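Engineer: Quick paste from TrEMBL:
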- LYS31: active site (ACT_SITE)
- ASP11, SER12, GLY13, LYS14, SER15, VAL16, ASP40, GLU96, GLY97, ALA98, GLY99, PRO180, GLN181, LEU182: ATP binding site (BINDING)
- SER15, ASP40, GLU96: Mg(2+) binding site (BINDING)
Amino acid sequence: MNIFLTAIGTDSGKSVVSAILTEALQADYWKPIQAGFPTDTETVHQLLPTKKEKLEEAYLLKYPMSPHASANKEGVYVDLETIKIPSHKNENMIIEGAGGIMVPLNNKDMVIDIAEKFKLPVILVSNIYLGNINHTLLSINELKRRGLKLAGIVFNGDRNIDTENVILEHAEAPCLFHLPQLDQVTPDSIKRVAEEVRPQLYQLLNIENYA
């Protein structure tokens, strides 16, 4: 199963969640569009306790900006039509978007258009802060408008049960897991969380090859 991972905004913890999902699902990891260094591919692979093959980005942009802005600065056009899912060894793959779902790739396409192009189920990272209900529900509404399947939500940060319940009621999708603030983000901590959430992920995502 190929799964698209996105978030309600920037600095939501997508890369840490990507590492957990990649480890838990025994998956490969791919970041189609990267803007800035160090790359999320490097970050995720450094966090993985189980080493994986590195899959090259379709677009590797220099500047830590929105992809369309970084591309414009470099004289590059991010063409959605040229983005192809690379061959990979494992049955499952986590495909991480850049920033939130409505971050522009160019003058017409958004990050979420990658998921729509390949008809991918979506996992949404919702980090907990004042205002995240609005931002999360706006993201969910856009996914529904496009007919994309919301496979589940990962809540990141200090737990707020009331907030989570409101979001889940409107989302009509499960909470895959809650990620508390980790004291240290290391391969060991990624492995620990991945092992804790693995059984529920396979069940909630309807993945049959659990081992």
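Each Cβ is built from the backbone N, Cα and C atoms, and glycine gets one as well.
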Engineer: According to DSSP, which kind of secondary structure is LYS31 (active site) found in, if we only use helix, strand and coil?
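Structural biologist: Reduced to three states, the DSSP call for LYS31 (active site) is coil.
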Engineer: Where among the binding-site residues ASP11, ASP40, GLU96 do you find the Cβ with the fewest other Cβ atoms within 10 Å?
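Structural biologist: Fewest other Cβ atoms within 10 Å, among the binding-site residues ASP11, ASP40, GLU96, is found for ASP11.
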Engineer: Counting all other Cβ atoms within 10 Å across every protein chain shown, which of the binding-site residues GLY13, GLY97 scores highest?
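Structural biologist: The residue with the densest Cβ neighbourhood is GLY97.
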Engineer: Look at each of the recorded positions, SER15, LYS31, GLY99, GLN181, and point out the one with the fewest other Cβ atoms around it within 10 Å.
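Structural biologist: Comparing Cβ neighbour counts within 10 Å for the recorded positions SER15, LYS31, GLY99, GLN181 gives GLN181.
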Engineer: Can you see whether DSSP assigns SER15 (ATP binding site) to helix, strand or coil?
Structural biologist: helix
Engineer: Through the lens of DSSP with three states only, how would you label ASP40 (ATP binding site)?
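Structural biologist: DSSP call for ASP40 (ATP binding site): helix.
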Engineer: Near the residue listed as 'active site', which of the binding-site residues ASP11, GLU96, GLY99, GLN181 can be found within 10 Å, Cα to Cα?
Structural biologist: GLU96
